[in-house]
Amino acid sequence: MAEVSAYKDTLNLLQTPFNMRANAPVREPEIQQFWADRQIYETLSRQNPGAPFVLHDGPPYANGALHMGHALNKTLKDIINKYQLLQGRKVRYVPGWDCHGLPIELKVLQELSSEERRNLTPLTLRQKAKAYALAQVEQQSQSFQRYGVWADWDAPYLTLTPEYEAAQIDVFGQMVLKGYIYRGLKPVHWSPSSRTALAEAELEYPDGHTSRSIYVAMPIVQLSEAAQPLLGNYANLALAIWTTTPWTIPANLAVAVNGELTYAVVQAGDCHLIVAAELAESLSKTFATELTVLATFPGSVLEHSRYRHPLYDRESPVVIGGDYITTESGTGLVHTAPGHGQDDFIVGNRYGLEVFCPVDDKGDFTAAVGDRLVGKNVLKDANAAVIEWLTEVGALLKEESYAHRYPYDWRTKKPTIFRATEQWFASVEGFREQALQAIAEVDWIPAQGENRITSMVSERSDWCISRQRTWGVPIPVFYDEESGEALLNAETIAHVRAIVAERGSDAWWELDVADLLPEPYRSNGRRYRKGTDTMDVWFDSGSSWAAVASQREGLHYPADLYLEGSDQHRGWFQSSLLTSVACNGHAPYRRVLTHGFALDEKGRKMSKSLGNVVDPAIVINGGKDQKQEPPYGADVLRLWVSSVDYSSDVPIGKNILKQMADVYRKIRNTARFLLGNLHDFDPAKDALPWEKLPELDRYLLHRLREVILEIQDAFESFQFFRFFQTVQNFCVVDLSNFYLDIGKDRLYISAPDSLRRRSCQTVLAICVEALATAIAPVLSHMAEDIWQSLPYPARTKSVFQAGWVQLQDDWNQPELAAKWQQLRDLRSEVNKVLEQARRDQAIGSSLEAKLQLWVADSDWRAALADRNPADSLSGTAVDDLRYLFLVSQVELRDQPTGLTEAKYHAQTEDWAIAVVDAEGQKCDRCWNYSTTVGQSSEHPDLCDRCVSALQGTF
């Protein structure tokens, strides 16, 4: 409007360098450089006055680009650490990387030609693996830093460094000396594709696995004394077993029954079969033949009966198994091969059965199975060969496909088997009760995590810690060349540990046995060879409490917090717990927090084949097509992390990111408005004391106090989604839609130094500093950007040096808040009627309206009258109803009569509202309508408020 321009320069308009657009790809790295140049994290982590806070980092694997799970995990950690720093605690966060293991070894091997692989020595492989791991660490570190994560990036812990490896050997040594480490032949998860034993954590169970399951008759040759009177009259009596691994039949050494179940003799043609009574009917359908129940009896009577193996000339016993024998599937009788199953091994051990394992490391049958099967691979042609043989001898009752969960090697994506091998184990049985007690003393978030890990530790078998690979920490054992006896004691372990601490674990491959042995063993008349096994990588990372938390300056053990994905209940949480309990009798952590996995917006797992992968690097920096994949910056990603309930799996995708960017912009624009209205304000000179503030300002400080306490509680309880909701609600509902909406009038049109403007600026300054501080743990870059844009001298160089928001007791005004909440509720009703008039184009701006109002409660009516002075220049010029409702005039009525006759109205039994045209003319400066426009000869187009403002009195 042309006439406005005459007075435009007299308005107090927004002035701030704080940009509406974040320009995150440029601005965020600049802010990160600001932190680095001034060593903000380093200074706070060492000089804060509070107690140390240790969040011990679970090491990601040093292989491949970071994915959304990494971003979720590291950002959660950073939010917690930054909040603790703002609370004045010393927070040294040492990031770590898991650097050994098969995936890195395979990566190195894939890059070699067949000629290079043939000539590859263990040391060369290890050198290449180390170089690869270090390169991956550097790449991942740069990505983590781009997320805005603060850490000791220049001094991370790597499981391949000499000091770490030495500490790990220390842990192993302590467990040896306490009798928890032993060597034994035992079935372990074995990967023929990797030719190594695997830990539980290295298995995955993909959908869609189908096995060839078979039912086999095992002919009884001798009944036990208890079974003879019951079953002695049945000819051709056989045990019906079921298995999903036909290749294990040659290794069968027993059939197990459940002593608590009822079994039946059923007639099937001219044969009598023993099955679980409960399954007789379903097995009739499976075998497609009538199974007539002739007798029933308890399973316990079968113990010590004997049967003949269907393929070999050997007899084996019927044994009592455990509660793993059920009637959910199969026949209720379990084929038992102690060399090929955990339960089989335990039962076989109880009955003194041989641990028979006729399968080599490639998965091929050995000569122990006879000429017909030798050399066949158990995952390829062995099943068919065994089934063919069983069919020939008439022992096969039925074959059918069976879909079930089956363990695969997590790296090669190929099936595994159970295979008994000579391995090194940690005897969990030796300290299981201590471990369960330690679990109970930890605070688990969410609480169901405790049940999960308790169940896992209760039921787990001993931990196979040896691997037949080159890239890892060696198990420091020597073997007598003649007897094969292991040499592993305090002296030998300490000697190897000292060498590794100085030279790294390469020394195990570089040095001769004589150099690795302590002096007394070099010439004791025996010849030794060094072991070739390395430790399970879970033993590597599971020793980090010893190598890092208990050794690094500024850290402590037990750590205050471990925070990882929920899969780590069977991974790092558990391996760390077991090593710590074995060595020291307690958990390595006081509190454990777990989060779910990042899924797409439809709740599906991310995969390249589905094309639904959300790459954090693209979220931050943008993709090739920046319209389709805009550069949102790290803060939008961090805001997403704060918005989700991470206790379960969390979705992310384009729509969710757009929503986050929208919320981010709202917060940013709120901050910009606050900053822009402080351009001529210096709190040291211009701020008003609390008691001089109008009611509205005191009410807003009450709300600010509530908001900060809610945010603080959200951070303390790790419920970051409450932070997200509270900040968003405060910026949009309390500030933008209410306080700032009302405040524009006094900020823009008042005299610069007037009470009504300075009082508002006092609150804006408090709010903008509080907002910057409160969002800093999450929106770290925006918070710093706000702080650097403060138009007056800031208290500190960085927002993070300012400490947490300091709340004043005076701000707590519950009675005042109740009064203003009532006014806000009424304002919402008024806005509905104004909006109706606006939709009909009866008014453009609400300032074109006059509000007519009646309330039923006489006390409230009187209170409202106090807020509605007849003269614009009297009253507080802040708390008046016209400013609250953003109208030019308010007329209070003693009766509702006539209000409903207005075209735009609303009514309840408690109040009545009508909107009519404002009286007077429009002021060219403030756009309010007033009957005083034209009264000033000097400023004939202005109202009395604006004339006074130009004179410096309003």
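Glycine is no exception: its Cβ is also placed from the backbone N, Cα and C atoms.
These figures come from a predicted structure and were not determined experimentally.
Using a Cβ-Cβ cut-off under 8 Å and counting only residues 6 or more beyond its ends in the same chain, the motif ''HIGH' region' (60-70) has close neighbours at 97-99, 101, 103-104, 107, 133-134, 136-137, 139-140, 143-144, 158, 565, 597-598, 606, 613-617, 652. Marked as motif ''HIGH' region' by Swiss-Prot: 60-70.
Other Cβ atoms within 10 Å of the Cβ of Glu564 (L-isoleucyl-5'-AMP binding site) number 22 in total over all chains. The L-isoleucyl-5'-AMP binding site annotation in Swiss-Prot covers Glu564, and the record cites sequence analysis as its basis.
Listed as Cβ neighbours of the motif ''KMSKS' region' (605-609) (distance under 8 Å, sequence separation of 6 or more from its ends, same chain) are residues 67-68, 597-599. Taken from Swiss-Prot, the feature motif ''KMSKS' region' covers 605-609.
For Lys608 (ATP binding site), no same-chain residue lying six or more positions away in sequence has a CB closer than 8 A to its CB. According to Swiss-Prot, the ATP binding site annotation covers Lys608, on the basis of sequence analysis.
The annotation Zn(2+) binding site is assigned in Swiss-Prot to Cys923, Cys926, Cys943, Cys946 on the grounds of sequence analysis. In the three-state DSSP scheme, Cys943 (Zn(2+) binding site) is classed as coil. Cys943 (Zn(2+) binding site) is surrounded by 29 other CB atoms, counting those within 10 A of its CB over all protein chains shown.
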DSSP three-state assignment for Glu564 (L-isoleucyl-5'-AMP binding site): strand
Predicted model, mean pLDDT over the motif ''HIGH' region' (60-70): 94
Nonlocal residues around Cys946 (Zn(2+) binding site), in sequence order (Cβ under 8 Å, 6 or more apart): Tyr7, Ile749, Cys923, Arg925, Cys926, His939, Phe954
Rounded to the nearest Å - Cα separation of Glu564 (L-isoleucyl-5'-AMP binding site) and Cys943 (Zn(2+) binding site): 63
Non-site residues, in chain order, whose CB comes within 8 A of the mean position of the CB atoms of Cys923, Cys926, Cys943, Cys946 at Zn(2+): Ile749, Asp924, Arg925, Trp927, Asn928, Ser930, Val933, Leu942, Asp944, Arg945, Val947
